[in-house]
Amino acid sequence: MIVKYGGNAMKSLELRRAVAGEIAALRAEHAVVVVHGGGPVIEQELSARGVPSEFRGGLRVTSPQAMQVVELALCGLNKQLSQDVGRAVGLMGRDDRLLQAELLDPELGRVGRVTGVNATLLRTLLGAGLTPVVGCVAVDEAGEPLNVNADTAAGAVAGALGDGIVFLTDVEGVYRAYPDPQSLAPHLTRAEAEAGIEAGWIAGGMIPKVRAALDALDRGAPFAVIASGMRAGVLAQAARGAAGTRLTP
Ligand SMILES: Nc1ncnc2c1ncn2[C@@H]1O[C@H](COP(=O)(O)OP(=O)(O)O)[C@@H](O)[C@H]1O
Ligand SMILES: CC(=O)N[C@@H](CCC(=O)OP(=O)(O)O)C(=O)O
């Protein structure tokens, strides 16, 4: 199973450790690959260095200077997360060309569109009983880094391995009337998800998550769940359809 772990579900050290515990517990039943972002850590490092950046359509416009900071920040976080998870190997897209990408749009700077995943490397690590923990910096043809939205990277990994994916975030799933938790949608069809984006009740950071979920399903993932990283037992529940919003092909 693929677990996408993002900035909102790692706001405090306690939350980070709790999620790492959930991942370690899930491993008793499933082989697990973790794909992570780290928006807040990136923000902190950019502002500490006085490097400006802005978002366009949910993606960070990434200058070459910002790219260096993004890679530095995510590499550091990657090592902490793999240590938290235990029996894990922290990797970035440049390691054995794990995440391959090309420029998405020159106007966004060093932002990547994923073109390939080194599934053999992931399967080799899983076969050795290790949990790959993958940061969302990809590599281009020339070996240079590209910044990829972590939801998108995780969806591409799930598609390449043909495994189910759980996106952990700070809400219980997709709400039909955000932020009313009573309006949680336990299940969404592709048509409903696309209509939700079109109508605007799926908005902001939820858009790349829903798109990445649909993309993973298109590429062969059997299911995709969006759920809260703050709920105890969330991964085991999500795996059996008992938590979050489940999207199916
Ligand atoms: N319909 C919706 N249901 C739930 N959350 C939504 C919805 N529309 C927008 N959101 C927003 O999406 C956010 C999750 O996306 P994001 O902030 O990118 O998370 P992460 O950092 O975990 O990847 C929620 O905190 C919420 O503000
Ligand atoms: C291109 C782009 O926007 N990349 C993201 C990568 C990190 C990310 O996606 O982290 P979360 O999962 O915590 O949001 C960024 O630079 O913030």
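Just so you know, glycine gets a Cβ as well, placed from its N, Cα and C.
TrEMBL annotations:
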BINDING   Gly38, Gly39, Arg60, Asn147  substrate binding site
DOMAIN    2-226  domain 'Aspartate/glutamate/uridylate kinase'
SITE      Lys4  site 'Transition state stabilizer'
SITE      Lys209  site 'Transition state stabilizer'
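When secondary structure is read from DSSP and collapsed to three states, Lys209 (site 'Transition state stabilizer') falls in the helix class.
Only Asn147, in sequence order, out of the recorded positions Lys4, Asn147, Lys209 have a CB under 6 Å from ligand 2. Lys209 (site 'Transition state stabilizer') sits 16 Å from Asn147 (substrate binding site), taking the Cα positions as reference. Taking the mean position of the Cβ atoms of Gly38, Gly39, Arg60, Asn147 as the substrate site, the remaining residues of that chain whose Cβ falls within 8 Å of it are Gly7, Gly37, Ile42, Glu43, Val70, Ala73, Leu74, Cys136, Asn149, Ala150. Binding residues for substrate (Gly38, Gly39, Arg60, Asn147) extend across at most 12 Å, taking the greatest CA-CA distance.
Of all the recorded positions listed here (Lys4, Arg60), the one with the fewest other CB atoms within 10 A of its own CB is Arg60. Highest Cβ count within 10 Å among the binding-site residues Gly38, Gly39: Gly38.
Of the recorded residues, Asn147 (substrate binding site) and Lys4 (site 'Transition state stabilizer') place their C-alpha atoms 16 Å from one another.
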